[in-house]
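Peer 1: First the structure, then my questions, so here it is.
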Amino acid sequence: MFPGCPETYQSSQQSESEGGGQGQRWSRDQHQKIREVRQGDIIAVPAGVAHWTYNDGNSQLVTVVVHDTSNNENQLDQNLRRFFLAGNQQGRQPGSFGGQEQSIGNNIFQGFDTEILAEAFGINRETARRLQSENDERGNIVRVENGLRVLRPTGSEEEEGRPWRSNGMEETSCSVRIKENIANPGRADVYSARGGRISTINSLNLPILKKLQLSAERGVLYRNAMVAPHWNINAHSVMFVIGGSARVQIVGNARRPAFDGEVREGQFIVIPQNFAVVKQAGNQGFEWISFKTNDLAKTSPLAGRTSVIRAMPEEVLANAYQIPREEARRLKYNREEVTILSPKSTSQERGDHLDEPEYYEGNENEAAGDAHYEVGFFDFGCTCEEKRELEG
């Protein structure tokens, strides 16, 4: 819910009159836009904007939430704070500015006097007490009995109303586009028939990310394929494993790697800026999503056709690594691929037949179908990582 924006959705609902009479009465509701999202959507929520989510699908909803505590709009400190408008959270966090621990179990209305709330909203004291959720033990995720009936357009109507091209003038703070799907194989920025694909979302295709200073990358690697060794030039990267497994090496300026091991589904790993990283998929393939701390994150590959090694003269390489000129040439030109390197094998070098790669892939029908999700409880804040599960 964007502050100061009008309630552009209006609906009327018929209900029976009180007292058992035969008459009918109509009630009218107005609210801000409701967005329907599906599996693979990236959703950008600016700092301080309240939001809610409701799972109206038939399957479990899993979301990965990243809060950037270093964002310029965070005027507090580097501690993650989530502010709730409803529900009754449980837990503790460090006190403000280094003080004692304090509870994070209350929504913000619990700190106000009941009489003040009643007067501010023009309601009775009992309703004001309900706002404070003092005796509500359900937490911040609740089950909606009989479903949630709110007005929203169908997915097709939403697409029809969306302009094909953006000139930067039609988006205001009230109508700004906040989501983009990253899972569609057809929108891949990098694709290799034997290696896999990588898609990116940044401020060029989702302009609100410029304000948030964040971008995202989603990748699928087929069995034993590799993402060429590279480093992030202008961003840190937080990688979450969606499926499969991979061997990952992260190397900084120390003699030993910062990380060298296998990562599996459900795990997070952080790749600091300028640390080189390489990922090689396991036998079941590998699928991941990375969140980067720059709206136009850039990488510099170490191997492949666009690499820094390819850009150097052979003589420089031969002298730098003390290798013959012929080896320097092989070092430069043996890999013609760009970002995704297809697997090499002994049988391939002999010219034997190589089977078509198997790979881990999510259910494409599910990605485009029933896995809608839109509410735990309201939460707004300016701050770092969390995996949340909502059951419909």
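Any Cβ shown, glycine's included, is placed from N, Cα and C.
Fair warning: this is a prediction, and the values are worked out from it, not measured in the lab.
Copied straight from TrEMBL:
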{"type": "COMPBIAS", "residues": "347-356", "note": "compositional bias 'Basic and acidic residues'"}
{"type": "DOMAIN", "residues": "2-129", "note": "domain 'Cupin type-1'"}
{"type": "DOMAIN", "residues": "180-329", "note": "domain 'Cupin type-1'"}
{"type": "REGION", "residues": "1-30", "note": "region 'Disordered'"}
{"type": "REGION", "residues": "340-359", "note": "region 'Disordered'"}
Peer 1: As a test of reading the model: what is the averaged pLDDT for the domain 'Cupin type-1' (2-129)?
Peer 2: 77
Peer 1: May I have the DSSP-based helix, strand and coil counts for the residues of the domain 'Cupin type-1' (180-329)?
Peer 2: 25 helix, 71 strand, 54 coil
